[in-house]
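As written in TrEMBL, here are the features:
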- A:12-39: transmembrane segment (TRANSMEM)
- A:51-78: transmembrane segment (TRANSMEM)
- A:90-109: transmembrane segment (TRANSMEM)
- A:129-156: transmembrane segment (TRANSMEM)
- A:185-207: transmembrane segment (TRANSMEM)
- A:262-284: transmembrane segment (TRANSMEM)
Amino acid sequence: MDIFVQQLVNSLSVASVTILIGIGITLIFGLAGIVNFAHGEFLMVGGMATWFMVGAGMNFFVALVLAGLLVGALGFAAERCLFRFTLNRPMNGFIMSIGLSVILQHAVIRVFNEFQKSITDPVGMVWTIGGVDIIAMRAIVVAITAVVVAITYFGISRSRYGMALRASVSDRDTAELMGIPVRRYVTGVFIYGSLLAGIGGALMISLFPITPFTGSVIIIRGFAVSLIGGLGNVGGAVVGGLVLGLVDGLSAGYGYPEWTDAYSLVVMILILVLRPQGLLGGTLGPKAS
Amino acid sequence: MPVTDNSAGKTGAATGRTRASHRLALLTADNASVPLPASVQAITAILLAVLLIALPWLGLGYRFLSIAITTLYTAIGLYGLGLQFGQAGIMSVGHAALMGVGAYASAILSVQLGLGFWTSLPFAMALSAIVGGVIGLPTLRVGGQHYIIITFCFCALFVIVLTNGGTFTGSATGLDVGSVTPLPGINFDKLSNNYYLVLAALFLALAATYLIGISRYGRTLRAIRENEQLARSVGINVDLHKLGVLMVSGLFAGLAGVLQLYYLRHISPTLFGAFPSLYLALMVMLGGARYLYGPLIGAVIVNFLPEVLNLDPVDSRIAYGICLLLVILLLPGGVGAGIKNVYCALTGGSGTQTQGGGSNGRA
């Protein structure tokens, strides 16, 4: 039982990173209409930046915020210089994002190297709750994710901006006529999603080592999460992330660990074929023109 | 590149295009593309054939010829991808896995049953075609990006299966095969003979692509690409056509995979994973999927660029990425479209716009 609870907490912390990247993708794909395959690389860049800053003696939590901002700026640049020009042709944007992901991956290898990087546990405490040892950092990761998710959820579903954003998605032309600056919203969503990826990367490197190739692995999980939940659906991304994180964490503990990656892929293919709008419903993705 | 695949039910109301006239034009005649004069087409084809056949005699060295072989078998796979994307508008980023199906089928037949190159080739190609069709089944339900993600998943799954396949698939280390069974008088251990083998297959792929492009079948595919619902409403069996082109594409992929296997003589799962698949997508976009020589151009650029610029692998990959971004931003139809437009501008003819519709045959 103790082992089960530990596995559960571990799975939750892994799921947190997946949820963060899943939310970023669900927003960018579902609301801004951009399929950004480089999103995983954004996360990796965030992790690498954190590694670099912590290595230079900076406090982890400061580095986390800076990594988020840095990747947000990266997202801004990518949107302004690249994706802005392909909004009407999502397929071209998608192919471009592949190019961007190759560039980022190898730029990181060029600047640092291809070996895995890790930082020491920034908190370094173990809490014992009811006889179960819980690594404090893992709990903090879960807590940070919960806060971010809550902010995003209420931002999208309750705030004026969220409403305007959803209006732009369901009918772009009318939203523009109502005076909503749709383009600016697209940019804003892209930056916000990227910022989440940066934070996710920082949290990820606090849990386990990452390599320049981590991004291309995690992106699949991100897509799986966002598609399971339904694109543009923040709550769905959380559910998807939890399901996937728990399946992965528990299968690593109990099942066949060498097939761990296969589960999320199979789940994703099934969902895409059987229920393209996701389990909880969402947009069908960018309006393919 | 135009707007691609609309999945049923969400056809592009979002575009500002006036569709009505456009639709009819595309279904009745392929006049969106202005084919180049037959003489130009023939001259280009002959020049290209002569150049490719003469290549081993130009004394460019062993390394050059090796890269040329890699380029050619990659191009064969790309012609399949070019057909499904350029003609039918179905993009895939799992195409290397389809090549892998062919390569592994042939390798397993060789290891388990002792079948050689020629005997295993039909089986491997057939299996690739069937797998291509099976993976294609979801396109009948979902379109666009969803399908792309499915192909990517398939590709990742394929690598996991191969890696966990034990001795049957050789796990992570992969499988080895012997050399191509010699034909009377031709020993394929010699690099230039291997080159001609791959070249012959490339000519087959080119001819098949050309014939499909000018046939009624090709026109129907382009009609489906431009407007699936309309194509359905005029009585075209859209599902059958889509599956058909995916199976043809699988056939090409299988051929390319077997050629790759017998050139390298050793295969491992990483050859058919996500990265190679993405590169195939890159090459086909770079060259221009709708042009007869587009895939070949893409393969040549991507394979020879690092060699010409003398880049190490990391830099060359950064260069690929930058090339891809530039091509998409500046030349959405690929380099093939660029060359055709330049040619048309020079001769004063009316060239296809890069956005126009399916020109098949750059020249």
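Glycine too: its Cβ is placed from the backbone N, Cα and C atoms.
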Proximity of the transmembrane segment (A:129-156) to the transmembrane segment (A:51-78), 3+ C-beta pairs under 8 angstroms: no
Feature contact check the transmembrane segment (A:185-207) with the transmembrane segment (A:51-78), CB under 8 Å, 3 or more pairs: yes
Contacting positions for the transmembrane segment (A:262-284) when only residues 6+ beyond its ends and CB under 8 Å are counted: 26, 30-31, 169, 220-221, 223-224, 226-233, 235-236, 239-240, 243-244, 247-248, 251
